[in-house]
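Participant: So TrEMBL has the following annotated:
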DOMAIN    32-106  domain 'Cation-transporting P-type ATPase N-terminal'
TRANSMEM  85-104  transmembrane segment
TRANSMEM  124-143  transmembrane segment
REGION    273-299  region 'Disordered'
COMPBIAS  276-287  compositional bias 'Polar residues'
TRANSMEM  323-344  transmembrane segment
TRANSMEM  364-393  transmembrane segment
TRANSMEM  822-844  transmembrane segment
TRANSMEM  890-912  transmembrane segment
TRANSMEM  932-951  transmembrane segment
TRANSMEM  971-991  transmembrane segment
TRANSMEM  1003-1024  transmembrane segment
REGION    1131-1159  region 'Disordered'
Amino acid sequence: MPTADEFGCTVAELRALMELRGAEALEKVQSSYGGVEGLCSKLKTDPVNGLPNDHDTLHKRQEAFGKNEIPPAPSKSFFRLAWEAIQDITLIILLVAAVVSLGLSFYRPEHNAGNDSSEQEAGWIEGVAILVAVIVVVMVTALNDWTKEKQFRGLQSKIETEHKFSVIRGGEAIDIIVNELVVGDVARVKYGDLLPADGILIQSNDLKIDESSLTGESDLIRKAVDHDPVLLSGTHAMEGSGRFIVTAVGLNSQTGIIMSLLGAAKEKKDEKAENGTLNSSQLTSVGNGLPNGDSKKVENAMPVDEDAGKVTKSVLQAKLSNLALQIGYIGSIVAGLTVLILIIRHCITHYAINGESFQASDVAYFVNFIIIGVTVLVIAVPEGLPLAITLALTYSVKKMMKDNNLVRHLDACETMGNATSICSDKTGTLTTNRMTCVQQYINKQFYKGEVPKFESIDKRTADLLITGISINSGYNSAVLPPKNPGEQRQQVGNKTECGLLGFVLDTGKNYEDIRRQYPEEKLYKVYTFNSSRKSMMTVIELPGGGFRIYAKGASEIILGRCSYILTRNGALESFGANEFTDLTQTVIEPMASDGLRTIGLAYKDMVPAGQKKEDNEIEYTGEIDWEDEETIRNGMTLIAIMGIQDPVRPEVPAAIEKCQRAGITVRMVTGDNINTARSIATSCGILKPGADFLALEGKDFNARIRDADGKVNQAKLDQIWPKLRVLARAQPSDKYVLVKGIIDSKNTKNREVVAVTGDGTNDAPALKKADVGFAMGIAGTDVAKEASDIILTDDNFTSIVKAVMWGRNVYDSIAKFLQFQLTVNVVAVTIAFIGACAISDSPLKAVQMLWVNLIMDTLASLALATEMPTEELLERKPYGRTKSLISRTMVKNIVGHAIYQLFILFGIMFWGDKIIPNTPSGRNAPLGSPPSKHFTIIFNAFVLMTLVNEINARKIHGERNIFKGIFTNPIFCVIWVTTLISQVLIVQFGGHWFSTSPLDLTQWLICIGCGLGELIWGQVITSIPSTILPKSFRFGKGDVQPTSIMLSGEYDVPSTASVVPAKLDGSVSGEKRPGQVLWLLGLTRLQTQIRVVKAFQSVNDDSHPNSLTTSTADRLRASYRRLKIARELEQQKRTGGLRAGGQVHSEESAKDPAGMKFV
């Protein structure tokens, strides 16, 4: 087996090297390895051509230095999940009661010796049946959790394989999955990349790294071969580009070391949390990663933006939390009253009226009362609700992958169904992102359609033009020959640059020849493109001394920097304000009106003093200050203006029309010229001729929404955004302000739910702020993907429309289940309660109720949560943020069906023995009596009515045809038929186990008739208009102040909706009633079934994904830092070093991510 010794440096040496920073690291590389070339030599790597791309070489390196992955933590075993499922208060009470009941069944008091022996023998069955029912519930829960965790791991690995990185192997640049990186690889880093391994720079262009995830330092760190060559895994490249040699991967990288420490520290951390050493806000990062804000902040503190320090929920979670509370309170009150009434009635009847004395055998009655009370509580609490959410979401997520939506945060799927507004990028999302240079303005001459040949252009201008395009672009941008004859060329890298490089090829020249003359190492300095510069500049040295600066960028910006222009035959003319205006009107605006992106190309020569030959040359003395960009970029000479076409995707106009029909407003936010944006928006259907819509530039937008002091005024913004459809020349901060303003606005009745698309590094704040952030899978940077909720694997707007459809389907699936579940709850709880009051017994026995609970919760949630979406879902308006989850139509259906079922069941209970043949009364039967046909009919009629009502529940908007599409859901059909067959077997053969007695044909026909009556009754209810109900008859509103404890019984996971203010120490402000908190913590049944949802939202609680480059790595590092910070805070408190109040966060960390504050 190969060892690291073969390579001239060991793993330990390389690890030690990566611990160093700045000048110290530079000195170590020079002294120990003889510079970067020496390090490459020791690692047997060619710094230009990289490693040979053969399997054996790479495998040897993996064996010597390790793989670039962290072994995943083992999954929870099935038995562990079962053990967790049984930690449920209601189940524990049932178990205890069942054991006591079982024990009492074997107790033989002497005075009862004459009782029927068969009754005594059957007495143990109920206790055992309850135990078996509880075991079934636990097993179903554990199995569900186990399969969902398995699915989740599959999804996580899918996200892992999406992350690729560019390396040079065998002299060719290729993209590989990050797990395949090895020590010695020469990797290429560019703007927006998330570094997957540690390394030392070989060459860089204006490279700046955000190391805040490791160091907490918010400033960008400039990296250069002669300054600070160390690159660390898990950090982000925010500007520039470069090449580096990989020196540490996997567990040996800085990320891997920290994650190993975290694994060792986890138990200690949990112990400290229990002892109260760390407060909740310091621990949130363990499960949830960085707080819900821009992670690029000073980390010596806690909150990071104005939303940090607030407990948040997704829209559906907020609504369900309130609903669960309401149902839970009612259920617990009714269950308590049931037990109380049964006990009081028993005591009065036996001890007061009959004058009996208390005997040990009477304990069995009280145990039975408690069992009835607990089963009422079990059936009242909708524990199937989180299961239905989990099933609906996981099912949808799996299907959405086929529709090019890779869901990273599970709740984003459901939130998308509520979206009322989509702020979309233009390039790549609405357009094809296939750039072609179709118009040129060179030497004051307009070229349209046909590209001019190199020979037809003035020689000097042509040289400047072709050389400028070739070297003033990312060297990873390339145009490759088509794979098959007749196809278009392949574009790799930045598509705008590819459009310009395609122009070079069309003129008859090869940009690769020019790049070979000027390899990246020869470029003197590169000012890479970013959103604030809106341009790129490359500096080269001139043969006779001096420098030439090539520039390209947005045409208005480049023109604004020019003092000269090359005219006919390459002659120089001065270029001032009048020429700027003239060129804008005659060249740029016509190009933009054709929907073209206009790019300006310019150059500037700087020569030593005394060597000036041309008017446009700038003389310098001494050293040039290359950091003074303002001076460097002014006084340029315009070479040409290029018009680049990016055609609208043919399917986009229809998709946007679907959105508008579905009540969703689509807005375009782009960095392009206003005329280009307006033209494309009109082609897409975002702007309609004659409609009262606004199209603004970023400058105008800011002028209209800000006060004199520069702060954003929400009232002013509320006057703009409803009509705004196009925001052009927008900075990333403008996008953030717009998104935040729309979300915070109370202008609309149901509040807005906003989705945003983004691909650039600076889009991250807006992507995080939005209710749903879509990142581009092809053109998107790693930073944008990390900040997003859903990745569009095809960068296509039509995929967003599919996400809306799936989201609405999830929402409707939950509503269908609720409508069905609540009808069952109302009926079961009412009949148990009235039965207790009227006949001292529940007509539905404990085991029967557990069976009903199983089919109502687990099986029904599976049946109703797996409906496929249809186009009809896009024909209604979105629900919005505050619309009630249970509408008036649903309340009408729930109450209507409950009345029908209760009428039938009470009729059978009180008069069934008189009306139905061969049915002796089962009322007031003594404890231990054999099962009666009377109560079996009640149980059977209830289940059959419920089964038929399950078909009714498939429609929630008042549709008459309830059977429409029923056969498109085979899962529903299979579960429905299986449940029906099981019910027949239980009734006919259940006996003492299910407290049933076999029914004859007449009794069965009566039960079936009651069930089928539900269909007719359903049509009657549909005929009643929902508007007769008052508006207050709606439940589960979303814009609420929810409790700080989720359905899961854990603290909330930061998400994107309703919020509760938190104090500095992370505790929720406002006293919670202890009863409320205890009650919620008591609902741990919900916790067992929602665990998967929580797992999707905070992956790293129990699992380490393989790659070091997911958000997990960032989050674990963040939690490790916070653990250290917490210890420091404790130390300061002990030494009295902390100021009163404990406020240690800096002003900078509390700033708004976009540097603005709303008023």
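The backbone N, Cα and C atoms fix where each Cβ goes, and this holds for glycine too.
From a predicted model like this one, the values you see are computed outputs, not experimental measurements.
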Participant: Under DSSP, the domain 'Cation-transporting P-type ATPase N-terminal' (32-106) has how many residues in helix, strand and coil?
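Facilitator: Its residues divide into 46 helix, 3 strand, 26 coil.
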Participant: Pairs of Cβ atoms less than 8 Å apart decide it: which stretch in 323-344, 890-912, 932-951, 971-991 has the most with the transmembrane segment (1003-1024)?
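Facilitator: If we count Cβ pairs closer than 8 Å to the transmembrane segment (1003-1024), 932-951 scores highest.
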Participant: Averaged across the domain 'Cation-transporting P-type ATPase N-terminal' (32-106), what pLDDT does the model get? Just tell me the whole number, please.
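Facilitator: The answer is 81, the mean pLDDT of the model over that range.
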Participant: Please give the sequence-distant neighbours of the transmembrane segment (890-912): residues at least 6 beyond its ends with Cβ less than 8 Å from one of its Cβ atoms.
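Facilitator: Hits for the transmembrane segment (890-912): 815, 818-819, 822-823, 826-827, 830-831, 834-835, 838-839, 843, 919, 923, 934, 937-938, 941-942, 945-946, 949, 952-953, 956, 1010, 1013-1014, 1017-1018, 1020-1021, 1024, 1026, 1029, 1033-1035.
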Participant: Mind checking which residues reach the transmembrane segment (932-951)? Cβ under 8 Å, same chain, six or more beyond either end.
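Facilitator: The answer is 820, 823-824, 827-828, 831, 843-845, 848, 851-852, 855-856, 860, 863-864, 897, 900-901, 904-905, 908-909, 912-913, 916, 918-923, 925, 962-963, 966, 976, 979-980, 983, 987, 995-997, 999, 1003-1004, 1006-1008, 1010-1015, 1018.
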